[in-house]
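Engineer: Next up is a structure, given as C-alpha cells.
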C-alpha cells in the first residue's frame, strides 16, 4: 500500500488556508457591493451611486434623490423586521439548545454510569478507549459548536441579503447586468462565509479534541458527530419558523391584495407587504443557510466516523482521515473561480441571459470540481486502503473513492437540471400548468400536483444509482463522500440560491418606491430566474439529505451493534411503517401552521382596507407593524410542535422500543420523506412560475392568458398561494427531518445500545 503523497503538515496548512481564502473572498465581494451607495450624492451629479452610469430616471424625468431615499427607508424597515424576528427566534432556540445539550450529556454519560475509567473500544475490544463520560462531554461541546455556527451562518446570510436588496434595485436603473452582478455577489458573500466557516470550525474542533483524545480516534470522531446534530437542529427551527413567517405574510398579501383588491404584487398600499419581504430573508435566506450548513456538517461527520474505524483511523493517517475536509477545501477554490465567471468574465446584457448565466455556474463548478477531486484523491489518499463495512474491512482503491465523490457531484447536477426543467417557465411542464388556468383554479391545482409527482422520477433514479455505485465501491464511506461530492460546490449553490430572495426583495422595493415599470420588468426577470434557482437549490438539499441520512444510518447501525436490519422481523417492520408516516405528520403540522397564520393575516389586511380611510387611494399609510407582529407570533408559537416531533421521535423510539425498531423508523422516514419533499418543492415552484409566466406576457401564448387581473391570472395566483407552504415550508423542512433523525440516532447510539428497548425488555 503506497502512502499518500500529501504530508500531514501540508494537510494541516491547506485546510485552514482554503477556509481563510473563502472568508477573505466573501469580504471582498461585500466591499464591492458596498460601493453602491444608498445616500443620494447632491454635489456630484455626474457620479451616480459610486459609478458613472446613465440612469433610466434621467430619461423619464423622475427625481433621483427621492427614489434613493425611499429605497433606503424601505430597506431599513425590512432589515429591522428580519433582525428583530431572528433575535426573538434565537431566544427560544437558545433555551432548547441548552436543554438538549444537558440531555446529550446525561444520556451519553449514563452509558457507563458516569464512570471516569477507560473503557474497551467498541470496534476493537483489545484496545482501551477514553471513558463514555468524555464522549458525553465532548459530544455536548461539539453540539453547541455546530448549533452556534449554524445560527451565525443564517444570521450573516440574512444581514447581507437585507444589505443588498435596495442596492440591487438601484443598480437595475443602469441595466439588468449591473443588478444581476450586485445580487449574485451578495449571494456569494453568504455562500463563501458559510462554506469557509463550517470547514474552519470543524477543523479547529477536531484539532482541539485531539489534544485530549490523542490516539483514540474512534472516540474523537464519535464525539465530533455532535457538530452535525447541532447544525441540523438549529436548521430545523430556522426552516420551519422562517417558512411559517414568510408564507403567512405571502399568502395574506396575495389573497387580499391581488385577488380581492386587484392591486399589484408588493404594492405599498398592502399592509402585509413589509412582512412578506421580511419573510423572504428569514425563511429563504437564514433558514436555507442553516439547512445547507447542517447537510455539510453531517456529511463530513458521517464520513469521518466511518473513516475512524477504517484503516485511516486505525493507522492514524491524518491526511487520508481529512479527505472529506480536503474535498471541501478544494471546493472553496473551485467555487471562487466559478463565481468570477458570473461577476467578472462574462457580462450579462439582456434579460434572456440571466438563466443561462446561473446554469453556467452549475456546469462550470461541477466540471472544475471533478478535476479538483481527482487531484485530492490521488495525492491525499494511499493507493489502496480498507474501509469498515458492517464488521469487515473492505479493500478500496483511491480511484474508487474518486468515482464515489464524482457520482454524488454529477447526480447533484442532474437533479438540478431536472428540477429546472419542471419549475422554469421556459419549458413545457410549467407552460402546461399556466395553460390549465384557462378553466380555473381547480385544473391548475390538478396539473400542478401531477407535475410535482412526475418530477420525482429522475431525481430518485439519480439518487438510487449514486447509492448503488458508491456503496459497491466503498460501502457506507462511499455514500458519505458521494453526499459530500453533491455539497462540495456549496458556496456556488448557496450564491445561486440566495440570489433569488435578494432579487425578489429588489422587485418589491422597486414597486414600493414607485419606480419606473421598466425597472420593475428588470427586477421581475431577475426574480423569475431566482425562483427556478431556489427550486434547484432545494433539489440539491433534498438529494444530499437522502445520501447523508443513509450514510448516517449506516454509521448508526454499526455503532448500535445491529448485525442486520431484517424487514421481516416485526420490530423492524413496525418502525418502517411508522417512519414512512412521519413526513406526512410533519407536513400536516407545518401546512396547518401556515394556514392558520395566513388566516389571521388575511383578516388583518381586510380589516385595514375596510377601516383605514384613503388607503386604497394611496392617501393613507397602512399599519405594517401589526402584520409583522402576526407573522412573528405565529411562527414562534407554531415552530415548536413540528420541532418536538422530529427531536423526540428518535429518543422515544430508541429508549422504549430499541435500536432495531429505530433503524426501521429511520429507513421509513428516509424513503417516504425524499419523495414528499421533492414533489412538494417542485409543485410549489411550478405554480409560482406559471403565475409569473402569465404576468410577464413574454410569449404569444402567455399574452392570451393575461394580463394581470384576468380570470386565468387569478386562477394562477390561487395555485401559487397553495404552493407557497409546499415549496417554502413543508418541502424544504422535510430534508432536515430525515437527516436530523439519523444524526440524532447516531449521537445517542451508545445509550440506545446499552439501555434502549425498555418495553421489549419488560414483555
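The backbone N, Cα and C atoms fix where each Cβ goes, and this holds for glycine too.
Pulled from TrEMBL, these are the listed features:
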type     : residues : note
TRANSMEM : 13-33    : transmembrane segment
TRANSMEM : 92-111   : transmembrane segment
TRANSMEM : 131-158  : transmembrane segment
TRANSMEM : 179-206  : transmembrane segment
TRANSMEM : 321-342  : transmembrane segment
TRANSMEM : 362-388  : transmembrane segment
TRANSMEM : 395-418  : transmembrane segment
TRANSMEM : 456-484  : transmembrane segment
TRANSMEM : 540-562  : transmembrane segment
TRANSMEM : 568-586  : transmembrane segment
TRANSMEM : 736-760  : transmembrane segment
Engineer: Below 8 Å between Cβ atoms, which of the listed ranges 13-33, 131-158, 362-388, 395-418, 540-562 makes the most pairs with the transmembrane segment (736-760)?
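Structural biologist: Between the stretches 13-33, 131-158, 362-388, 395-418, 540-562, 540-562 has the largest tally.
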Engineer: Based on Cβ pairs under 8 Å, which of the stretches 92-111, 321-342, 540-562 lies most in contact with the transmembrane segment (395-418)?
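Structural biologist: That would be 540-562.
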Engineer: Name the range, of those listed as 179-206, 362-388, 568-586, that has the largest tally of Cβ pairs under 8 Å with the transmembrane segment (13-33).
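Structural biologist: Ranked by Cβ pairs under 8 Å, first place goes to 179-206.
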Engineer: With Cβ distances under 8 Å as the criterion, find the stretch in 131-158, 321-342, 362-388, 540-562 that has the most pairs with the transmembrane segment (92-111).
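Structural biologist: Checked against 131-158, 321-342, 362-388, 540-562; highest Cβ contact count belongs to 131-158.
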Engineer: Considering only Cβ pairs under 8 Å, which range in 131-158, 179-206, 362-388, 456-484 makes the most contacts with the transmembrane segment (321-342)?
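Structural biologist: Answer, by Cβ pair count: 362-388.
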Engineer: Could you tell me whether the transmembrane segment (179-206) and the transmembrane segment (362-388) are in contact, taking contact to mean 3+ Cβ pairs under 8 Å with a sequence separation of 6 or more?
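Structural biologist: Touching, no - the transmembrane segment (362-388) and the transmembrane segment (179-206) miss the threshold of 3 or more Cβ pairs under 8 Å.
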